[in-house]
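Following: one structure in structure tokens, then a few remarks.
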Amino acid sequence: MASSAQSSGSSGGPAVPTVQRGIVKMVLSGCAIIVRGQPRGGPPPERQINLSNIRAGNLARRAAATQPDGKDTPDEPWAFPAREFLRKKLIGKEVCFTIENKTPQGREYGMIYLGKDTNGENIAESLVAEGLATRREGMRANNPEQNRLSECEEQAKASKKGMWSEGNGSHTIRDLKYTIENPRHFVDSHHQKPVNAIIEHVRDGSVVRALLLPGHHLVTVMLSGIKCPTFRRETDGSETPEPFAAEAKFFTESRLLQRDVQIILESCHNQNLLGTILHPNGNITELLLKEGFARCVDWSIAVYTRGAEKLRAAERFAKERRLRIWRDYVPPTANLDQKDKQFVAKVMQVLNADAIVVKLNSGDYKTIHLSSIRPPRLEGDNIQDKNKKLRPLYDIPYMFEAREFLRKKLIGKKVNVTVDYIRPASPATETVPAFSERTCATVTIGGINIAEALVSKGLATVIRYRQDDDQRSSHYDELLAAEARAIKNGKGLHSKKEVPIHRVADISGDTQKAKQFLPFLQRAGRSEAVVEYVFSGSRLKLYLPKETCLITFLLAGIECPRGARNLPGLVQEGEPFSEEATLFTKELVLQREVEVEVESMDKAGNFIGWLHMDGANLSVLLVEQALSKVHFTAERSAYYKPLLSAEEAAKQRKEKVWAHYEERPVEEVMPVLEEKERSASYKPVFVTEITDDLHFYVQDVETGTQLEKLMENMRNDISSHPPVEGSYAPRRGEFCIAKFVDGEWYRARVEKVESPAKVHVFYIDYGNREILPSTRLGTLPPAFSTRVLPAQATEYAFAFIQVPQDEDARTDAVDSVVRDIQNTQCLLNVEHLSASCPHVTLQFADSKGDVGLGLVKEGLVMVEVRKEKQFQKVITEYLNAQESAKSARLNLWRYGDFRADDADEFGYSR
């Protein structure tokens, strides 16, 4: 404690009390304070000073816990205002003081002055002058200090200040509340809005006692998300500080004790509240971490309203500099190159609910485990009979839902992988099986953390670690927050509802059951299925959701190379290209949704048929890739021609199974040409856009899968290398990419540039137009240009009809067409060409009804009479329909046949 002695003017005069200095740490009451010195390598010494010659009211005191019958003592009138007067004036300020008297018990009484010397404000006089304290009776009246106190008291009485005002001062007595009946409700009632408070006591660096205003709740607040070293209570009642506990406590005390603060109440733990303390000079939670006085704690970091990442970053700052509690910190060794730590890969398979198999750019496969999460598992009453074979996917509650969530989100998609840690291999023990080395990573797609999404749906739980274990997800706090939301909302594993049960019949190899199922599957035609496993290029295990069964499925119509087999006493080697065929089938259909046509079954209970994915026949694809040959049984199938064509092309290339093929000379046969009458050749199309002049744009259904694949690859490429906003300068006629209102990128062509804010674009694959700012445009990557795949939207007009020139009538016709065919599949036949676009007839895919004829029947359009001989039959049908509409006075004809006199006025011609 700093001090300075002031000597008297002459050696014979009375001794002048020594003037000492200190910083006010705490105000105990209206007449007592605690001062401290400057810190020197640790918390400084402290000293209690009681003001001489005055008395202030006693503050409230809670009954001792050891006296259950004891009663709480309330504030005396004006006691709290006196304390507040001193607190606001003195806390954290430098004062000087003189000691006038010291009792045998060690209590020190003296005078306190604000500032560095006794010329400063006399605190006792200020209290008395404000009517917040009284002069003690019985003191010597001729003492100058007493005289000044007496004068101050008389002035306060005259001015009716403080306790000399009218009334008994009951309004200054606080209604202190020491306990809260329902802490959770109390926290929620404040809706995380800052609450004014005074910090009354600091237990350790991260736990304080606070007086909440204006309700005067005296509560214990633990700082959310962190923990400082504490003081361990020994059996003899003494306290032993952990390393840096005293320093952390002083750090918090010197900044917050008896300061006005705001507290955001975030949660509760027993009777203690969790919160964040806000002070004008900063956030104590983050400061403690940054200075190495605290560490993050997982159990409460999720409720920290300002973002757990800020706390983790502050902790990292202290760790990297080995500050205080981190002085012995050793960072985990990084044994991965950057290219191995972060990469983009394609998801090929989902393993249960916490791991995936990905294909790297090098072509290698790698198993990735999702960091810090645990898939659903059997617990308690759910543990099954040991004699029954466990099928985890179907028997563990929510395992199937978790796997399906990942499968639908990820299979065939490119994801971003960030390796968080590598879990070393562990040997088996009596209770735990052996584990090989695991690569644990955070996997994201479209900016979404897959592990976090799983946890938020209650389909996985978060692993709890030791506090010093850094081997965890780089987004661990987000996982904890997601789990808290899932628990609160009762999602998945946290639901109180009955767990879903999946009764899946496995009829693989069960001949009797297979015979029972065969007629149903044959009658069903194409059935939906999920490929669960690929045994070889042509042998798969399928899950049929509608029938809730598992079957073994053999591809019909082909001979696929056999793989290696384990036979009794020997291993039979696989045929050439068997592994390539298996890999091809795996990459194409494993865990994909497919359609199957069951034709028959073999004697082992395996079903035989055709498998289609995205409109492609897997048997044909294997033959195309020269990984299979056509089997003679295909002759009686509807797919024989495409199989033969695919095989012939593969033979010509002399690849793989046809590498040694020698073409046999064939006898040339002259084709006989037959004259046939003209017949309409309708092809399936998908209508994407209807224009205001009743033209429409369609996509060819046969090339639809190519467009889907191109769009998927293009968007993955754009998400990996997004265009720099505003870097693209659009030019008329140029192909580009444009971000539509749905937030997705599409191929487009620039039609007109009014300004950078108004660029007219045409979506070349869908036929719609839009005006966009150039910031929503980008350069079309060459890999997705129209050379790779031509524009998929083709413009057509209806043949044999005239579009109304009247705007209202034309709108009626357009609205009708939009309702009937937009975004639907139809059948299209080109009838004749024109300067603008081909004119066609369009049929509904299901009913085969003529769309244009329907418009005529409804009286929405008129017939365009053409003279060509081949059209006379259809023109007659259209004219008959028009006469029926006229007779019924429908739409255009509601006022009769208007064409006789004013056809020109309305823009019609007969």
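Including glycine, each Cβ sits where the backbone N, Cα and C put it.
According to Swiss-Prot, the features are:
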MOD_RES   A2  N-acetylalanine
MOD_RES   T103  phosphothreonine
DOMAIN    193-328  domain 'TNase-like 2'
MOD_RES   T235  phosphothreonine
MOD_RES   T240  phosphothreonine
DOMAIN    341-496  domain 'TNase-like 3'
MOD_RES   S426  phosphoserine
CROSSLNK  K513  SUMO2 cross-link
DOMAIN    525-660  domain 'TNase-like 4'
MOD_RES   S645  phosphoserine
DOMAIN    729-787  domain 'Tudor'
MOD_RES   T779  phosphothreonine
MOD_RES   S785  phosphoserine
MOD_RES   S909  phosphoserine
If I take the Cα of T235 (phosphothreonine) as reference, which of the modified residues T103, S426, S785 has the closest Cα? T103
Most Cβ neighbours within 10 Å, among the modified residues T240, S645, goes to S645
The modified residues listed are S426, S645, T779; by CA-CA distance, the one closest to K513 (SUMO2 cross-link) is S645
Counting Cβ atoms within 10 Å of each Cβ, the densest environment among the modified residues T235, S785 belongs to S785
Taking only the residues in the domain 'TNase-like 4' (525-660), give me the average pLDDT of this model. 90
Nearest to T779 (phosphothreonine) by Cα distance: which of the modified residues T103, T240, S426, S645, S785 is it? S785
Rounded Cα separation (Å) that holds between S645 (phosphoserine) and S785 (phosphoserine): 29
Measuring Cα to Cα, tell me the gap between T240 (phosphothreonine) and T103 (phosphothreonine) in whole angstrom. 30
Cβ neighbours of T103 (phosphothreonine) where a neighbour is any other Cβ within 10 Å: 9
For T779 (phosphothreonine), what is the secondary structure by DSSP, using just helix, strand and coil? strand
Applying a 10 Å Cβ distance cut-off over all chains shown, what neighbour count does S426 (phosphoserine) have? 13
T103 (phosphothreonine) to S785 (phosphoserine) - Cα separation in whole Å: 95
CB neighbours of K513 (SUMO2 cross-link) within 10 A? 16
Between the C-alpha atoms of S785 (phosphoserine) and S426 (phosphoserine), the distance in angstrom, to the nearest integer, is 50
